[in-house]
Amino acid sequence: MAFTNYSSLNRAQLTFEYLHTNSTTHEFLFGALAELVDNARDADATRIDIYAERREDLRGGFMLCFLDDGAGMDPSDAASVIQFGKSAKRTPESTQIGQYGNGLKSGSMRIGKDFILFTKKEDTMTCLFLSRTFHEEEGIDEVIVPLPTWNARTREPITDNVEKFAIETELVYKYSPFHTEEQVMNQFMKIPGNSGTLVIIFNLKLMDNGEPELDIISNPKDIQMAETSPEGTKPERRSFRAYAAVLYIDPRMRIFIHGHKVQTKRLSCCLYKPRMYKYTSSRFKTRAEQEVKKAEHVARIAEEKAREAESKARTLEVRMGGDLTRDSRVMLRQVQNTAITLRREADVKKRIKDAKQRALKEPKELNFVFGVNIEHRDLDGMFIYNCSRLIKMYEKVGPQLEGGMACGGVVGVVDVPYLVLEPTHNKQDFADAKEYRHLLRAMGEHLAQYWKDIAIAQRGIIKFWDEFGYLSANWNQPPSSELRFKRRRAMEIPTTIQCDLCLKWRTLPFQLSSVETDYPDTWVCSMNPDPEQDRCEASEQKQKVPLGTLKKDPKTQEEKQKQLTEKIRQQQEKLEALQKTTPIRSQADLKKLPLEVTTRPIEEPVRRPQRPRSPPLPAVIKNAPSRPPSIQTPRPSTQLRKTSVISLPKPPTTAARGETSTSRLLQPTEAPRKPANPPIKTVPRPTPPVHTPPLSLIPSSKSLREVPAQKAIKTPVVKKPEPPVKQSVATSGRKRSLAVSDEEEAEEEAEKRRERCKRGKLAVKEEKKEANELSDSAGEDHPAELRKAQKDKGLHVEVRVNREWYTGRVTAVEVGKNAVRWKVKFDYVPTDTTPRDRWVEKGSEDVRLMKPPSPEHQSPDTQQEGGEEEEAMVARQAVALPEPSTSDGLPIEPDTTATSPSHETIDLLVQILRNCLRYFLPPSFPISKKELSVMNSEELISFPLKEYFKQYEVGLQNLCHSYQSRADSRAKASEESLRTSEKKLRETEEKLQKLRTNIVALLQKVQEDIDINTDDELDAYIEDLITKGD
């Protein structure tokens, strides 16, 4: 269908109310001002002036102006400014700050109601006027932006429509502060040179007391936040001069506020004992994955276009046949050239896609720089930049979160590129919160290492700060202003200043006379006392920062025990929370629920299965209290251990409660049998409080304590043919130890809990709409149907959204009374307006299955992820078999009809596993081969395979590194030997040539008529003389 046919269709409209809505993204007012400074920096400006002009007739009493000498804009560039979201800077390799095409509009509208922009480029002068006042007074709902243009030399209008130009200038004269053409031209004349931009914001926003939010009166050299107390507020939160000084990690643009230069800083040059740490991680993949998906999408479209053009060229060539007329050849040549061009473009797009796919697997490297702020020790924390622009400041990490003196006064600096972390629209945070927390955690670890490396704590923290003049016990008090302390601080941190002409940074040598010297705003290289750096032509010297290394200390047994105790406490809190749940049997019970409670607890473990945890470490098992020998019974060698499930029985009768006063016991069976009816989950009547072990601490005996919870807990239990014993004896020493999970698994667990909490709040609203579909029983859904529906997880499907089909994967399944719903997470979403996931009904017209890709077309990460999901599903199905339902906790006879593998097969598999583990056992593994040889199947189930694989890979890598280093040393030795031999060869050839020259000279003295021109002639002549002599 031709594009012209779309002219009658509806289009998205941008109302002028969106101007205000868009501006609310800037909670931090200085962030809005920084957006306009960023635009000047991206335009390669060397200077920007920020100043206020008094205009009492305007709201706020003054206009705020931003004048730079950057590249400026021509009319087409200025027209793209008013297109929200359009940016020419959005490339993965871009080092420019602007990426979203929104900063000028959102920043200016946050400061005031109206702004007018004057820009010059080459021979054009363009004015852009965006006014909410104009829209309000004219009653216009859509956004209208006048954009008149003049010739820079003749000042004549540049337009094809004189009437349109007249309307645009009339609006500018009526609603802007400049009411005549002369006043408008005067603004253009303020722009120095042939290019630059002037942005004027007026009708500023006011506070509740009628005063503007920006204070330009208290300090004539600064722009401050109105009504902000200096006490307890960081300088950058109160003073725009202080904020602009650290806004860029490597400032290359001069910033003037009210005509006074901002002394910009390179933070790494302002710290005591700076040290750099290189950090490499493969966790930062979100932005890179987005770029890969975009590149794949673009490459696929380019490939389709190229194939279509090639097909068209072949068809035309066949159809023309023997037609050799000139017009036919020209037409054929044009089609073929188009096909060749499109094929080249497709090849380029494919190479870009392949490069991005390779880059996705490469670990990202960041440089952490830490140092001590001895000038203001209370101003400490992490400064995190993105593409050299400050995003977060004073972020506390690691030991600083504890609030003590450890790591106090330390400042960290890191510059994160776009491909690692992407900032939010207001550039005050990062879009991916999970990866940002991972970055902070890594900086915390390196901060602790830096604190050890500089050894301040070993010398004494108080003594260290006393040396630099911090004599007060109050941490926030400034240092002493005595001259000796000022000199002491100045000796440790050399002065680094920027030249006003070449914009290069120069480090000045220390001089006692310059301790209290204030350098002028127009400092230049010729004022440098260093003779090697006293001219602008001299190259800039890089700061020499020592390189540090992160050394991870192994955890002590005490730390492991402490983490284990904390894990047990958390599990007990979960158990207590589960005991407080109430069943839902009718709509009356549903109405009694608080709003944040979901009414689908039964589907919860099926819809969101927990990721299997790591098994406990054998070292922890050995340190656990052993079972008393008096109650141990010999274990038959042929006894087969099986896993069973704790299921919840019906409420006990009075007689049964008398028999089990503190808890009800279940006797596990040899083989699991399916109950006749699915168990209805209820809460038992109140019983006296009892100390209950956590869910994962299940005694490995025949008597098991039932957990009175709303959810059916599925936990593998090891059975032994021991006679029943008293509860107090059975629980005395048989608690299984928990393995301490690593930090990343704990973080993922916390993420899942928060996500479930959010989904729980939404589930209540959905349940109220579907309340009429609830039955009187909470357990109507059959578990078999639920398990069958869960097999749909991981399916690759296509979903239709807004008449477009998008590929994705089923991540969750919800079984209703009448239908099954899939939650599909999309692989690639082209715009921010399309959701990243969506609930669809299975079998509807908006969803269809997609043929799964073959293994060779999947990336290693995809194959690994799919393998993990498949293993997790198999494990869940193996554990999810229900146990025979028992009444009132009475023991039942084991089912001997169930099929089971032979004991010899089990023992053979255990022996094979032991042999494999012994064969590949790492050298420094805590479990020896001797201990491994006597492990039984229960201990092998708890074997720490994750740590085993990790140490094996480390050992293998060390072995490879040793071979590599040995090969490298041999190669270096061979290269050195080769260079020596080549040197000797050259020396010998030079001696031979010199000898031949002397022989020729000697022969010419003896016989003047000898004519020898080449070395071969000389050799032949000498050989002939020797032959004649003989």
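Every residue, even glycine, has its Cβ placed from backbone N, Cα and C.
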Among C407, C525 - the residue Swiss-Prot places in the same Zn(2+) site as C499, C502, C536: C525
Phosphoserine per Swiss-Prot (candidates: S586, S661, S737): S737
Among S311, S644, S741, residue that the record in Swiss-Prot marks as phosphoserine: S741
Annotated stretch (zinc finger, per Swiss-Prot) among the listed ranges 50-104, 215-269, 490-544, 875-929: 490-544
Site from S176, S854 that Swiss-Prot describes as phosphoserine, others unannotated there: S854
Swiss-Prot annotation, phosphothreonine - which of T687, T834: T834
Candidate annotated as phosphoserine in Swiss-Prot, where the set is S23, S626, S701, S775: S775
Rounded to the nearest Å - Cα separation of K817 (SUMO2 cross-link) and G103 (ATP binding site): 49
DSSP three-state assignment (helix, strand or coil) for K817 (SUMO2 cross-link): coil
Counts by DSSP class (helix H/G/I, strand E/B, coil) across the zinc finger (490-544): 12 helix, 6 strand, 37 coil
Rounded Cα-Cα span from K930 (SUMO2 cross-link) to G103 (ATP binding site), Å: 67
Between K105 (ATP binding site) and N39 (Mg(2+) binding site): CA-CA distance (Å): 11
In three-state DSSP terms, the structure that G103 (ATP binding site) belongs to: helix
Distance, K105 (ATP binding site) to K930 (SUMO2 cross-link) (CA atoms, angstrom): 72
Whole-number mean of pLDDT values that fall within the coiled coil (555-583): 85
